[in-house]
């Protein structure tokens with residue numbers, strides 16, 4: 001059979017058959033053309049069609065023409081000679097394009113199937129990368145760095161104190177190195193089993209909670225190689241686009257707080273960028289009828305819900321009330337008022353609600369806006385709500401007087417209804433349950449001694465001395481809870497009745513999980529009084545931790561502080577590195593390291609700078625409607 005010839009016809013090419021050739025072959029296989037030839041044929045016909053069609057376009061100056069340059073725009077009339085040159089130039093260009101397209105098609109058809117697939121995959125990857133660049137996070141606006149004072153050193157001066165501080169640093173290095181070796185990338189560490197560990201507050205994701213939580217402690221202690229390791233992991237691996245349901249509260253105080261502190265201390269932009277990326281993932285939790293956020297949110301879907309055990313689906317006071325510090329800094333750094341507006345909405349809603357006996361119940365239903373069970377605590381479920389009222393005032397350079405007034409009113413009600421003295425003279429903070437005071441105090445509540453001392457200056461009615469003394473009394477009570485155990489470590493909760501004072505009664509309250517609250521209060525009391533007993537008490541706790549909680553694979557909590565042979569819980573909590581060891585290190589450092597006039601610590605001990613209202617650069621700090629109360 002003869003091969004078809006290609007003949008031009010009106011700018012198109014069509015196949016014609018030689019005389020005598022059959023129009024319909026009897027055997028399809030004998031006449032099948034190669035796939036490459038057919039593809040070349042179709043491509044050639046299409047390009048030729050386009051080429052020929054150009055010359056059939058009407059050449060009428062009254063019709064709209066293609067613009068080939070500025071002349072057609074700026075000059076309404078062009079002489080015929082110039083227009084002819086344009087046409088000839090255009091013909092040459094189309095011929096060249098045509099030849100180039102044919103050549104490229106031939107080269108494509110010479111390639112193997114695998115080579116073509118590889119080229120297609122390369123193009124797809126490029127498109128995806130271009131889309132990521134287009135849809136990726138917008139660069140954050142430049143903002144002036146707040147005044148940063150005392151971020152390094154803090155040498156205490158005398159050799160004995162320095163030796164103790166060096167010991168705390170060594171404990172931190174042992175905790176970090178163990179995590180680095182056995183649990184790297186996991187949220188926490190199982191130091192006995194020597195493997196990674198996680199809890200439901202982080203969902204099913206491995207987000208490196210210990211890395212983020214420990215960064216600022218590493219920086220403050222001068223462990224810069226370890227800090228760089230953590231920074232590199234965060235840069236390469238910390239990803240919030242995961243299908244994981246996380247605690248809004250825990251992720252805020254540990255991750256956003258930790259990342260912001262690391263940013264302010266080191267100036268590394270990656271921490272700020274990651275903090276903002278995560279914060280955006282938390283915002284859907286506020287999509288409730290009242291604006292009170294859900295306790296948990298899925299980072300991928302944005303779906304939120306509350307803990308099943310929390311008083312008929314309520315949100316928890318200490319969780320939705322412990323967002324203010326981090327969210328104000330997010331608005332400051334991004335210029336996005338949404339973060340500030342979310343937390344201020346919570347404050348305004350609470351201000352309108354009735355409070356039984358002036359107390360804030362621990363549960364609030366986000367659907368109805370009504371209180372749940374009338375249970376008030378300065379320990380678990382309530383604690384950091386009060387802390388953040390005070391610290392909002394401090395962080396605003398003491399201009400957020402609304403926060404201060406709310407704090408003062410709340411503390412007045414707490415003093416009236418919850419604070420008592422035991423028969424043995426120990427001041428304690430009980431829990432209010434349905435009109436009844438339970439004479440029990442939790443380890444978590446021991447932070448309040450430091451809070452009272454921190455809030456003493458600025459108290460109404462010249463009560464600064466009173467609140468400093470109250471802080472000292474709480475510190476003494478909490479020290480007694482440690483001193484009355486075999487291990488010299490405090491239990492999770494302790495009672496003040498039936499002849500027992502500052503002692504745990506139930507077996508499930510006798511454990512110690514490396515908590516920081518007692519040492520936190522020691523540090524605040526040291527800063528405000530310089531009474532040497534606080535350093536002594538802190539050293540006793542540090543020695544007990546090193547003796548009874550240290551294992552070859554890190555540090556573990558113990559299940560019974562009243563037993564001389566305790567069993568381990570096999571968990572090295574991330575807050576042990578973030579809080580417990582940091583407060584111990586600061587306790588044995590000079591006051592010049594992170595001075596309280598310039599820094600406010602979030603509830604996970606992550607230092608955030610005061611946003612000062614004074615200074616020559618202040619005119620640059622305006623964030624329109626978002627931070628006007630600070631400025």
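A Cβ is built for glycine as well, from the same backbone N, Cα and C atoms used for every other residue.
TrEMBL tags one of the stretches 91-126, 199-234, 235-270 as coiled coil, and that stretch is 91-126. As stated in TrEMBL, the feature region 'Disordered' covers range 127-164 out of the listed 51-88, 127-164, 279-316. Given the ranges 37-57, 331-351, the record in TrEMBL names 37-57 as transmembrane segment. The list of residues near the compositional bias 'Basic and acidic residues' (150-164) in space but at least 6 beyond its ends in sequence, with Cβ under 8 angstroms from a Cβ of it, reads 219-220, 222, 265, 535, 539, 542, 586, 588-590, 592-595, 598-599.
Within 10 Å of the C-beta atom of residue 603 (Ca(2+) binding site) sit 24 other C-beta atoms, taking all shown protein chains into account. With respect to their backbone Cα atoms, residue 383 (active site) and residue 603 (Ca(2+) binding site) stand 9 Å from each other. Listed recorded positions near residue 446 (disulfide bond): 517 (candidates 250, 517, 603; Cα-Cα distance within 10 Å). Its own atom aside, the Cβ of residue 478 (disulfide bond) has 29 Cβ atoms within 10 angstroms in the protein chains shown. Note on proximity: among 478, 492, 517, 603, the recorded positions of the record, the Cα nearest residue 250 (active site, proton donor) is that of 603.
For residue 446 (disulfide bond), the count of additional Cβ atoms within 10 Å of its Cβ stands at 31 [all protein chains shown].
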